[in-house]
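Swiss-Prot annotations:
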- 3: active site (ACT_SITE)
- 39: active site, nucleophile (ACT_SITE)
- 23, 25, 83: Mg(2+) binding site (BINDING)
- 43-49: disulfide bond (DISULFID)
- 45-188: disulfide bond (DISULFID)
- 251: N-linked glycosylation site (CARBOHYD)
């Protein structure tokens, strides 16, 4: 999963390095409109934090990259995580943010349901109090006549809240599936300081008979040793600034029989247990 892909040209760059998924930051204006694909300072070490596009222009480029037959099409690119930088919004704006996000995706990415981009989408929300963003997104697609597109959409609460608190937020939002759970820390902090305890709890929830999690991914992993540690606990995805590092580890004898990069034929909402 290629991290912080916010300029159009970076789509090609990260896929060519081996990524089958990208993560893109989405900032909002004061009226809860998605405005830019932009991270800003601070960000991961050894990355330029200020690359950006207008959100709708990025969606159009992403659509071309994920539409079979287009000259810019990448068959390998099957999943996009939108990291929704909604920290500037009030809690009571979350529904509107979801509504406006859905309308933008419907028009500029899904092409109003007419041969739009085919990638699966994960809406990654940092604040549990913004669970109504999910509600606004779902209800808008239904109102606009395209409820079937929700089959392409999953969810992630990306804060470091307890697993139980996250489960409660999903309950409030009426979410019963298609859940990706993230865990991690910036690459500027040594991974051993943070540790894998919360990621292990997420994997345990995924593997339990009554868990809410379908997939677990870990970020931001740039080192070979940390990649192996994450794979050893059974995560489903790894977010990285260096997709070639992940690809190289997956080709090692200890991992190539158990793991592979997902393709479009794989179901990103299906649970695989340890």
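Cβ atoms are placed via backbone N, Cα and C, with glycine included.
A map of Swiss-Prot features onto the structure.
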| residue | record | DSSP (3 states) |
| --- | --- | --- |
| 3 | active site | coil |
| 23 | Mg(2+) binding site | strand |
| 39 | active site, nucleophile | coil |
| 45 | disulfide bond | coil |
| 83 | Mg(2+) binding site | strand |
| 188 | disulfide bond | coil |
| 251 | N-linked glycosylation site | coil |
- Which Cβ among the active-site residues (3, 39) has the fewest C-beta neighbours inside 10 Å? 39
- Query: Could you tell me the C-alpha distance between residue 25 (Mg(2+) binding site) and residue 39 (active site, nucleophile) in angstrom, no decimals?
  - Reply: 6
- Item | Rounded inter-Cα distance in Å - residue 188 (disulfide bond), residue 3 (active site) | 14
- Note on the structure: Close to residue 83 (Mg(2+) binding site), taking Cα pairs within 10 Å and only the recorded positions 39, 43, 45, 251, are 39
- Task: Output the one of 43, 45, 49, 188 that, of all these disulfide-bonded residues, has the highest number of other Cβ atoms within 10 Å of its Cβ.
- Result: 43
- Message: For the C-alpha pair, I'd like the distance in angstrom between the residue listed as 'active site' and residue 23 (Mg(2+) binding site), rounded off.
- Response: 5
- Task: Can you figure out which of 23, 39, 43, 45, 49 (the recorded positions) comes closest in space to the residue listed as 'N-linked glycosylation site', comparing Cα atoms?
- Result: 23
